Amino acid sequence: MADEAKAKGNAAFSAGNFTDAINHFTEAINLAPTNHVLYSNRSAAYASLGKYSDALSDAQKTVDLKPDWAKGYSRLGAAHSGLHHYDDAVSAYKKGLEIDPNNEGLKSGLADAQSAQARSRGPAAPPSPFGDAFSGPEMWTKLTADASTRGYLQQPDFVNMMKDIQKNPSNLNLYLKDQRVMQALGVLLGVKLSTRMPEEDDEMPEASTERKRPAETEHVKEEKRPEPEPEPEPMEVPEEEKEIKEKKVKAQKEKEAGNAAYKKKDFETAIQHYTKAIELDDGDISFITNRAAVYLEMGKYEECIKDCDTAVERGRELRSDYKMIARALTRKGTALAKLAKSSKDFEVAIEVFQKALTEHRNPDTLKKLNEAEKAKKELEQQEYFSPQIADEEREKGNQFFKEMKYPEAVKHYTESIKRNPNDPKAYSNRAACYTKLAALPEGLKDAEKCIELDPTFVKGYTRKGAVQFFMKEYEKALKTYQEGLKLDPQNQELLDGVKRCVEQINKASRGDLTPEELKERQAKGMQDPEIQNILTDPVMRQVLSDFQENPKAAQDHMKNPLVMDKIQKLINAGIVQVR
């Protein structure tokens, strides 16, 4: 059935109907959840619709199921490229080429990803005496972290100058007369450049705790020149910066107090401290995510979700660590899962967990995603549960069984089981169908499930005994029929089953088996673990030897019922013959 859904998905994909293809592949995955090809195909369909996050999730599942399949890494690279994760895309394509070095698709994908990677980083900057001081997002992080330059980032002309320098470091010379640029340069190089009057510098907080090398200090002293008298307005900046720094220190103390209260399960106090920290410093989203964690523990899921959304939004603005963003998304997903009342509700939580994993692949998030998917499946089964429809489907199966249309009957019995998994009759009837179709292992499994659900349901024993008989496991079948007779001693079907089994067992005892029957029974017996244990038992090996060479000892052995029981098993299996 999974193959049929897969074929429909492939046809829809070829026709450009990607949404239909996704639906068919999803149906196939529900039937065969460990088939890596199905996830690969659905990933391609998602990518064709531009749903790269979904494509990434399926691609990752593909390589998890089949790590040595090169095509899985091709899907993974394509999804990463669609999300502009070019470094991850390059890595994925390279892993695929390690498995299949001659794969042209992987080679082409790698070349495209590397080209996009280069474009995203912009044209190479000309050599600069200041090295990588202005490169990458680290520049903005340092300027934001330092109290002496943080305020400049609110000034558009300064931001534009820094962007221009970052794009082309050679343009630095054009802006050196601007004292703000000089101050920023000092912060980025980790040295203290003179940009203010000496008395102001004494009060200016240092941005870096790195120890300067003697050569650097001496160089600064040589270049230090008297600066023009600053305008009155900047004189107020140090006080503002001092106030900001003090607020940050206070915010951290509030956070620590909140953490302590959280550990003591004093959630209301923890909320107060984290709220105060947020009011003092809105540049650290850990205060928000911590408060969200408290709301989660308190069962205030709506408040938790609101805080997580705020943390993600603010984190994007501040260019916060992607791990912090992932943490906020994970907590939001957990809150959504707690609120979920239907399988549809879990879909939203699952989507949030998947987004968190694209930010940072954390084992805890992955575990929560798997739990949400499992809960969704269980709810779907509960929502699908309907004893009335189950009975209707079973009756349809009975009608097809009477008409000897066994495959159609199996289809309806299967639907009946889905609608009511606790009905032993549906399993019993499907076991009968499987027996007619010679699908004996499937029939045995259904018969055992039938007995498991209702150990007093006699029909289950007749089904199981019949399957075992056809599998030529006569002793097991005899035992099953005898178990059924304990429940219904007059059941004719069970009595007939016992009679048939005894006849087959006695044929071996009398030596009435044809050479073909004997050969077949011996081969089956040698596969039986119980027979193997008997033959490898040193005591039984001695007993068998005595039966051949020491008649007196053999007579003594025959008085032992345990020994004779094992001898009888060997006779029934055709291993030992009586002449």
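Placement of Cβ uses the backbone N, Cα and C atoms for every residue, glycine included.
As written in TrEMBL, here are the features:
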- 2-35: repeat 'TPR' (REPEAT)
- 36-69: repeat 'TPR' (REPEAT)
- 70-103: repeat 'TPR' (REPEAT)
- 104-137: region 'Disordered' (REGION)
- 113-123: compositional bias 'Low complexity' (COMPBIAS)
- 136-175: domain 'STI1' (DOMAIN)
- 196-252: region 'Disordered' (REGION)
- 208-228: compositional bias 'Basic and acidic residues' (COMPBIAS)
- 229-241: compositional bias 'Acidic residues' (COMPBIAS)
- 242-252: compositional bias 'Basic and acidic residues' (COMPBIAS)
- 251-284: repeat 'TPR' (REPEAT)
- 390-423: repeat 'TPR' (REPEAT)
- 458-491: repeat 'TPR' (REPEAT)
- 528-567: domain 'STI1' (DOMAIN)
Exercise. If you run through the compositional bias 'Basic and acidic residues' (242-252) with DSSP, how many residues end up as helix, strand and coil?
Worked result: 11 helix, 0 strand, 0 coil
Seminar exercise, completed: Given the repeat 'TPR' (458-491), its same-chain partners at Cβ distance under 8 Å and 6+ residues beyond its ends are 424-425, 427-428, 431-432, 434-435, 440, 443-444, 446-448, 450-451, 497-498, 500-502, 504-505, 520-521, 524, 569, 572
Problem set entry | Composition by DSSP (helix, strand, coil) of residues within the repeat 'TPR' (2-35) | 27 helix, 0 strand, 7 coil
Exercise. Quick one: DSSP breakdown of the repeat 'TPR' (458-491) into helix, strand and coil?
Worked result: 27 helix, 0 strand, 7 coil
Problem set entry | Same-chain residue ranges lying at least 6 outside the repeat 'TPR' (70-103) that approach it to Cβ under 8 Å | 36, 40, 43-44, 46-47, 50, 52-53, 55-56, 58-60, 62-63, 109-110, 112-114, 116-117, 120, 358
Exercise. How does the domain 'STI1' (528-567) divide up by DSSP, counting helix, then strand, then coil residues?
Worked result: 34 helix, 0 strand, 6 coil
Exercise. What is the three-state DSSP composition of the repeat 'TPR' (70-103), stated as helix, strand and coil residue counts?
Worked result: 27 helix, 0 strand, 7 coil
Exercise. Which numbers of helix, strand and coil residues does DSSP report for the repeat 'TPR' (36-69)?
Worked result: 27 helix, 0 strand, 7 coil
